[in-house]
Structures are given as C-alpha cells and as structure tokens.
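Asks: Sequence annotations record features per position, and here TrEMBL assigns transmembrane segment to B:18-38, B:91-109, B:115-138, B:150-172, B:192-216, B:249-271, B:283-305, B:317-336.
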Amino acid sequence: MKRTLLTPLALVAGLALVAPQVLPEYYVTLANYIGLYSLVALGMVLLTGIGGLTSFGQAAFVGIGAYATAVLSTSYGLSPWLGLLAGLLITGGIALLLGVLTLRLSGHYLPIGTLAWGLSLFYLFGNLPNLGGFGGISNLPNIALFGWTIDSSADFSLAIWALVAAAIWLIGNLLDSREGRAIRALKGGTVMAEAMGVNTARSKLAIFVVAALLAALSGWLYAHLQRFVNPTPFSITMGIEYLFMIVLGGAASLGGALFGAALVTVLKQWLQDLLPHVFGQGGNFETIFFGALIILCLQYARDGLWPLLAARLPQRRRAAAELEVPVEAAALPRREALPANQPLLQAEGLVKRFGGLVANNNMGLTVNSGEITALIGPNGAGKSTLFNLLTGLLPLTSGEIRFRGERIDGLSSRRIARLGVSRTFQHVRLLPQMSVLENVALGAHMRGESGLLCASLHLEREEEARLLAEAARQIERVGLKEHLFDAAGSLPLGKQRIVEIARALSSDPYLLLLDEPAAGLRHLEKQALAELLGKLREEGMGVLLVEHDMDFVMGMADQVVVMEFGQKLAEGLPQQIQDDPAVLAAYLGGVE
Amino acid sequence: MDFAILTFLAQDGLTTGAIYALIALAIVLVFAVTRVILVCQGDFVAFSALTLATLQAGEVPGTLWLLLGGAALVCAKDIVTAVRRRHAARIPLHLLTHLSLPLLLWALLGNLDLANLHGALKVLLTLAIVIPLGPIFYRLVYQPAAQASVLLLLILSVALHSMLVGLGLWLFGAEGFRTLPFTDSSFMLGDAMIGGQNLLVIGIALLLIVALYLFFGHSLYGKALRATAFNRNGAQLVGIPTELAGSSAFFLAALIGACSGILIGPITTLYYDSGFLISLKGFVAAIIGGLASYPLAAGGAFLVGLIESFASFWASAYKEVIVFTLVIPVLLWLSLTTHHVEEEH
Amino acid sequence: MSANNPLLNVERLSVCYGKVEAVRQVSLAIGEGQIVSVIGPNGAGKTTLLGALMGLLPAEGEVAYLGKTLQRHHGVAQRVGQGLNLVPESRELFSPMSVEDNLLLGAFSRHRQGHRDHGLTLAEVFDLFPRLKERRRQAAGTMSGGERQMLAMGRALMAKPKLLMLDEPSLGLAPRVIGEIFRIITELRATGVSILLVEQNARAALKCSDYGYVLENGEVALQGPAAELADDPKVIETYLGRKSAAPAPAAAALAG
C-alpha cells in the first residue's frame, strides 16, 4: 500500500510545483479544476469503490462548503477559515443525519435519499433570501495563510494540489490500517465483518461523513477560487458527474479518482468545443456522449479505465521491505486461560421457525473447553440454522443459549464475537482481492482500539504492527506461511477455508465454530488440519465442527451430535455413533 | 383560504397525484422484476408529451429517429449473436421483428398530412413511437448487465437518463410545450369550478390502474411477471425467460409513461428535461411504499401531489424542497420498522 | 447402461466454480421411462450436476437430450420448453401466490407454445396430490415442508415433462411423507415420465430406481443396477466413513 501511494503523490507534487511555472494560464486553471474534482472523487472512491455505498448528493455537500464560506466572509466579514470550519461542521452534521437514516436500510436507499436531498438543497441555494438567489453571491475575499495570500492561479494550484496530496496520504493511511480493513470488508457483506467484531454501521457512517467532508473542502476552495458562488455547480447534474468520474476512472483505487476527474474534465472541455461543430449548435452533446460512455464502460469494463491502464504500465517488483512482517512486535494480550473439560457453550430447547417450517425443534448441545464436538446429520437436518442461531446471525424463536454461564441468545453476532466465539463460514467469506495477511488481520480487529483519526495519521503503527504480527503467527500456525502476501482469492478453495480458520484464531477465541473445514482439502492437508485441531484442543480451546468427511469426524471428535429433522437424533462417542442403527437409517434412509 | 381555492388546489393535487401514482407503479414494477431503479421513467412522460405536441404542430417528432436508431442497434446485436451461434437463417426474422414497426412509422409520418390528422390518431402514433423505446432501452442498456448489483444498475439508469436529457434537447429543443386539451368543459360544484380535463386525467389514470390490476391478477403473463418479482430462480425454472420478463416490465413502464405524458401534456408545460423531477416525485411515492407495495405507493403519490399543490400556493419557491424533504421522515419510518436483512448474492 | 436410445446422454461433463472443479468428467445416461438415481454424500456435486443439465450453470462436456446436443447458449427456458424440468432442492416456489397460481405458472412454457389444456393437466396434478386441491387458494409460503415439496413437483408436472429431475425430494421431510413422495415418483414413471433422482436418502432412492450412480468428490465412484448398489457395502462407506479410522486420543481415553 505504502509504495503504491508514492507514485501518485510524487506526480501530484510535481504537477503542483512545476506546472504553474511552465504551462499557460488556461492549463493551470484546468488543472485546478481537476484538483477540486479529485478531492470530491477521492471521497467517492472511499464511499463507492471501497465501501460499496454511493451518493448522488456530493455536489450538494460541495455547495454547503462553498455557501458557508461565501455567506460568512461576505455578509458577516468573517475569515474564510471560519467559513471552512462552518462548512465542515454543517456538512458533517447533515451527513451524519442522512447516514443514520438511510444506512440501516438496503443499499439503494442511500443514493435515492441523497438524490432527493441534493435536489432540495439545490432549490434552497436558489431560494433562501440571504444566499443571493439564483444570481449568487460575489466578491468573496481571498484566503490568507500566514501572510501568503492565495489569489493567483499558481497559488491555487499549490494549495489545491497540496490538499489533494494530503487527502491521498490520509485515505491511503486509513485503508492501510485496522479501521481501513473493516471498511474494505463492507463490500463483502456485513455478515462476515460483524462476525469479526466490526461495527459495520459505524464504518459505513464514517466513510459517508469523510466523503462529505472532502466535498465540503473542495467547495470551500472552489468558492474562493471563483470568488463567486451560485447554485448551478452544485446541482444534481454535477452530483451525477462526480459519480461518472469514478465509474470511468475506476471506483476501487485512489488513482482511478484522479484519472477519472482528469478524464472527465478534459474530455468535457474538448467535446464542448468539438461536438457543436459536428452536430450543429443547440445541443448538450457531451451529456449524450458521457452517458453512452458510462453505459459501455459498465457493460465492458466494470472496474473503470484506470485498472486497464495500470495493467499496461510496467509492473514494479514488490519491494522487499513491503514483504516484511514485524514479527518482533510485542504479542497482543491474550484472554485468560480456561480449565479444560468445562462447559463453554450450552444450548437448550432451541426452536427456530421460518413461516410454516420448523428448522430447529427443541435442539440442544454442549461444547466443553479442550474438546472437539462434531455436529453431523443429513443435508437439510438444520445444522446451518443451528450454527447461525449460536452465533447470533438468526434470532431464536425460543430457547436458551449460554456461553461461559452467561445468556447470549438475543445478542448480536458482534457482541457474541467479542465474548470469545469465532467462526468460519460454509461458503467461504474472504475478501478475494486482499492479501491473506490482511484477511487474517481482520480477525484480530477486536484486539485493537485505535480510531479513524489515528489511523489516517498513522499514529497507531505500534498497534498495527502487533496486529499484523499476530495475523502472521496464525497464518504460519495453519501452515500457509508461503501465501502470506497472495491475494486470498487466488488460493484453492480448500486453502481458503484454512485462511478462514487462521482469521478466526487471530481473535483469540475460547470457542471455535468450524463449518465444513475439511471440504475441498487433499489428504495431506486434512492430516495437517487434524493436527492443528488437536493442538488447539490441547491448549484448552473448545471446537464445534460441522463436517461431512466422516473419516475426519470420527477420527477427530471427542463427542458427536447427530441431527435429523431439526432435532437431536443421537449423541455420544464416535464409535457409538457409527454403530447406531438410527444414525445409519438417518443417513441412508429408512426402509419402511 | 376560501373554498374555491381549496377545491382548486385539491383537484390540482389529485390530478398530478394520479400521474405520480402511475409513475410510482411503473417504478415499483420495474424494480421488483428487474432490480432496476428506473430513473428515466419520467423521460417517457416528457418525451411522449413532446412527441404529441410536435405531431399537433404538424411536424415529424424527433423521437422517431430515436426509435429507428435504437431498433437498428437491437437488431444489429441480435444479428451478431445469430451469426456467432451459426443461426444465419434467423437473420430475416430479426430484421422483421425489430425493424418493421419503426420503418412503418417512418413511412406513415413521411406521407401523412400531419396537420389535418385526427387527434386520436396522433395519440396512437405517439404511443406507437414511445412505447417500443422501453424494451429497446432494456435490451441495449440493462440486459447485458442483468447480473449486476442494484447499485450498478442504478448508475446505468442515471447514465441512460443523462443521455436522454441530452438527446431530448437535441430532438425537441429547449422550448417548452403544452398539448391541446382533450376537453374545455368545466362545471360548477357550489362555488368551485371543476375542470373537465382534470376529471379526465384522474378517470383515465384510475382506469389504467384497474387494467393493470386485472392484468397482474388474472392473466398468466401478468402472473408470470409477478412470479419473477417474487422469485427469479423459480420463474426461470417454469420457463419464464429473464429477458422476456425484463422486456415486458419495461414495455409496461414505457406504456404507463407514455399514457401519463399524454394525460399531463395539456395541464403542464413540459420541457425536454422535465422527466427527472417527475421521476423523483414518483420515487418519493414509491419509497413511501417501501419500493414493494403498490397500494402504498399509489397512496403516497396522491399525498405527494396534494403536498406539492398546496406548497405551491403557500410557499411556491420552496415547493420542491418541501416535497423532497418528505423523503426524510419516510426514510426514518422505514429504517425504524425494517429489520435489516443481508442481501445475499 | 442398457438403454439403446437414451433420452439423456451425458459425456464427460465438468463444472467449475472459479478454480474449483465441483463436477469432474461425469458420464451418465437415462433411458426413456427409466428412474435413475444419483446418490452420494453432501458436497459430492449432485446439485451442481443438475444445475448444469438445466442450463443454470455453464459446463464443459457433451449433453445430448432427445438425440440432439444441448448447446451452452440454450437457456433454461428453452430446455423447459423441450420437456426438461427440475424441482430444485430449495423448491423455489412463489411464496405469496396461491397454490393454484403456482401450478398454473408451471404451465407457462406450454402456454407460450400455444397449448391451452392447462385445466386438464391441473386436474391430473390434483388427482396425484389431492392435498394441493384442498389448499388451492392458500398462499404457497404458508404450507408445510411436505406440502411445499408436493407443490414444487406438481408445478413441474404442469409443464408435462419428458424428463423430470428431482433434487433431494425427501430433504427435511418426515418418514411418512417421504414414503408418499416415493410412491408418487413410482406412479409417475407409469405415466411415461423419465426421472433423474438426486438423493441422499440412498435406500429409498435405490429401491424405486432402475439404475444408480454414486457421486463422490464430483466424480462417479460407483455405478450399476439399483438393486446391486443397494447391497454394496462400499456405498455405506462413502457416507459414514471407514470403520478402521483411528479414534481420537481423547475419545479413546473416554471410551476406555
């Protein structure tokens, strides 16, 4: 991450310093606009490409930033810096409110909410009496910074691109941190992230607010660059254009934001000159062109143009420094050890109904520390439902679940995870683009505490080193050391399951719930997994295992629980189960 | 406020509300069947009103070129597929199905004496030009990305809409139009004057809603569309092709949009870009129905129409602000009552 | 396989999810009027196999149906139109709609082909499943597991299939209902419908089948006439594991 940031940062710095001295005024102005749009687009990348949310209302946030400083600095004669503060505060407040309202709903309510909101704000800008109506507010003062008055294009170029560079640095830092991993996990669905103890609602809200604040910052600069504001640049059309920038550029990378902003700005200038010559006057031809371009881009190059371009650039070899994991970092504190063979998880009388179907009926089981309990049963017996009940993913219809004596039914999966229950998923839920190391570090999320601000400034490097070292230790332990930096999605499915185990282990759990861990493993890999589980058992961990490989189950388990029709059919030692005629009938079918 | 103003505002609100109800129904329908949030629903309305206005002015409407171009592109796509699958024998069939209607319309519009054509025929011509655009947009824009996420489909919708606004300006110009009223009659109810045109709009809108209700409740094709909305996999397994369901939903949306445009044309001046606000108000209504319930969405639409009408009387400058801010309490209510369910892919 | 003129003939079919091969080089055949079972433990690739045959999943290999090769671009709807029908493990009913509407939609494909004899077919389905007739006005989502399975089968029968593929029809059902379902499967054969039955409930499946395949890790591990397979101890091993596996140390300690 660090090194990939260097290139854009160097480019930006070079542009800001050199360009204004050598280029004609027209190009400097164009570059300034690209910078302003880039600020907004960077926030959009964080929100859309990385977080999987989107907003059409970013232009309205730009507008708030612009109008706040315009009103304060003209009508009240206050410093533009106060205007900046006011703009950021108002924007942050509104983003918080909108976010709280829409982020709990399915993904498409946020964009629709922002669409409606962006539109009403546009009309407010045009109609509120002290905002100057559609005519706008003019004669804004210049920004002064320690005696440096920012008034020429070249000055603005420096200021704008310094801020763009700062934004790239901060967002880059953020993404390369514990909070950043949580944000990147949002796109893979909230279930996995919550099971790792991530407060996904908070993460979503955070990126929405950050994106809004970046937009407001851009608006503040815009107002003082133009020294004039009116509603037009903050309309919903512009909000849509910001979205187009990142879709064209590539929504998943910071480079895509810059590239998209530049591409759209330059293309638009060029098309506005060219198209009327071709088609005659009186059209808005560039919107037709952009619309078609976006449609084709989404149909044929869904990740945008930047990744296509980046793939053609000569690939740098990854620097050795980047591949180093701080193994010497101090180990993270662990939970206190538990005595073996004590009940960890006790479930009694669990009932789960889906409409007319009873998926679990009066089901119960106990998992002890230092023991491996296997849960088996034919397809459709209700094992997955039971797993989801135990981990808080589904609410119980009735029944009681205790973990170390405490009631945990009714708790969210995040709270249950915090108590020391960690799990893997039947359908692997890794983030395929992220490295194995980062995926596993996500499991240690609960063991760190530094927040967004710390992460953006990289003030949490010591904690981060300890988290990564812990993740690396767990990866080594499960035998995937050579895959530390490979993208998780590039591993065969069997190994991905093992990565999930490492991820679960890095949360330092008392109880490990494994959903079909041996599926897709080769013989030797199964042996290694059995060895690992044996070691965990010796350390006092409780393991609940759903598995269909019966050789594996019968060889590993201390206790086997058999389910059929949502109920417990049998319970006992592996050999007792193998000899039980009722179990045989459940698997092969009864003969009537 | 006296009774006369009250009834005037109320009938104004109910009339636009009826149109919003139609729009909201189309939005809910398309979303349920295809997961597409149809931002360009309002563009069907604007384009149909402007097409009718152009015909009434005795000229050939620009939407004809849009139809011809779109149909040619769809046809080209099908021919490419046919060639790839070595089904060259199907090419004449594709040409016939995709191009015969647009070419027929082209020939008709080129040869008819538009200025002296009967009004009803102009309405029919408008419908014939605008409605096929729905399935064409589906085939060209959405079908190639049918598996994409709701978010991506929404961005596609916005891109299509912004294309249409650009095309609208090119084809119709920046000027606004009103179509000729269907009736000039009006009558007094006490002190208040009731406009015949308003009654006609509300009546036809209600008729359309009833017709849709009958179609979805009683015909096998209507049921098949509902079934697709409930369970896409199940629908595939009984042989309802995803493509057919999508095209049909877009056909109905365009039909509803085109009818709405013809109904609202004499009451409101429409511009090439009026569709967006109409769509958004339909959305507000659809959101009131949680993007799922037709009756709630229709109820919401009448509410939006009434609020807009009264707001334009009391605070005309803030009319749009008030309507769109209405979304906030609705979202609050939805967010408090909905239990978040993870969207599995 | 003895059928000279198979209804469905599958040669070296493979299905991949990304890098993982869920079904590997599977060949099988179903003759007209036959019931063929594919059994095997969970995760063996049975459902994937059916998905590929139905056109829901892209697959490598050759599938001939009614003597003609099915191409990759032959979509699900096209296959349904040719009398190839699947009752999936998840049933995929239209829950808010009535039982009768669910059944009528089963005839959608035939309706598109111009047939209008759904009333007759509906009566036949009601004869086969009298319970559905009693509940014809009820919403599908309110029915019990067994009734849902009957409705899913009834819906598929409304399409008058030549080859009916059933994915785990006994899944999650009580023994009495399972007996009923298998009785109906046998009855269907008598009406000329060929059946490809995917089951975990091996005994019940083999009992009513002519031929059987055992799928393990995506490959055909065993095959043969159903009666022979039913007595093969190797079948039990694929389900419950070998007895010789060393018990875990702790388990051994507890047992001793």
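Cβ coordinates come from backbone N, Cα and C, glycine included.
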Asks: Do the transmembrane segment (B:192-216) and the transmembrane segment (B:317-336) share at least 3 Cβ pairs closer than 8 Å, excluding pairs fewer than 6 residues apart in sequence?
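Replies: No, the transmembrane segment (B:192-216) and the transmembrane segment (B:317-336) are not in contact.
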Asks: Determine which recorded stretch among B:91-109, B:115-138, B:283-305 has the most C-beta pairs below 8 angstroms with the transmembrane segment (B:249-271).
Replies: B:115-138
Asks: Using Cβ atoms and a strict cutoff of less than 8 Å, what residues sit near the transmembrane segment (B:91-109) while being 6 or more residues removed from its termini?
Replies: 60-61, 64, 67-68, 71-72, 74-75, 78-79, 82-83, 125, 128-129, 132
Asks: Given a Cβ distance threshold of under 8 angstroms, which distant residues of the chain, six or more beyond its ends, lie next to the transmembrane segment (B:115-138)?
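Replies: Here the qualifying positions are 34, 40, 44, 47-48, 51-52, 55-56, 58, 61, 63-64, 66-67, 70-71, 73-74, 101-102, 105, 108-109, 160, 180, 246-255, 257-259, 261-262.
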